[in-house]
Amino acid sequence: MSIITGTRFTEKLKASSGEQWNRVVTHRFTKELAAGTIDREVLKKYLVQDHRFLDAFVVLLASIVANARSLSDRIPACQFLALITAKENTYFERCFESMNCSSEERKTIPDAACTTGFCNLMRQVAQNGTLGEMLSVIVVCEWTYMSWADLVKDVTVREDFTTYEWVDLHSGPEFEGVVS
């Protein structure tokens, strides 16, 4: 927190993004995902894109671990890295299996422009960025996920794991602890 104002710097950045932040965290996609009404093809395409994003995210998170100043600073990032490469990656694999989306089919789905751009950003920052720049990219990404998941977690329909587990992965005390 800022000693002078009592407001966290990240909160100031969020406030300065204005309506764009609200559009991101209240997007139709998140509402339909929580309601369990999202079109399966839309979800499948999203999950393919997000799984591709996961690899670059792991590279960035590993760079944060390597560049952290001390063991106590590394441990939370290591724990998050373990969560991402285990529980979240397993979620993706289970979803693809339940949607009959083979690795061959996934290879035929082209990257969206935003996937390419954000993956390139994460890899570039991981390779050439400062620790502060790396943390900035991680915070924006994960805070966005946490914010929309927090808005829908109490109304999420719990009938299909492909929808409700995505909300569960991005909400709750464990995830909030990583983001903060």
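Every residue gets a Cβ built from N, Cα and C, even glycine.
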Going by the substrate site in TrEMBL, where GLU88, GLU142 are listed, which of the candidates ASP50, ASP111 is also part of it?
ASP50
When you average the Cβ positions of ASP50, GLU88, GLU142 for the substrate site, which other residues in that chain have a Cβ within 8 Å of that mean position?
PHE53, LEU54, PHE57, ILE84, CYS141, TYR145, LEU169, HIS170
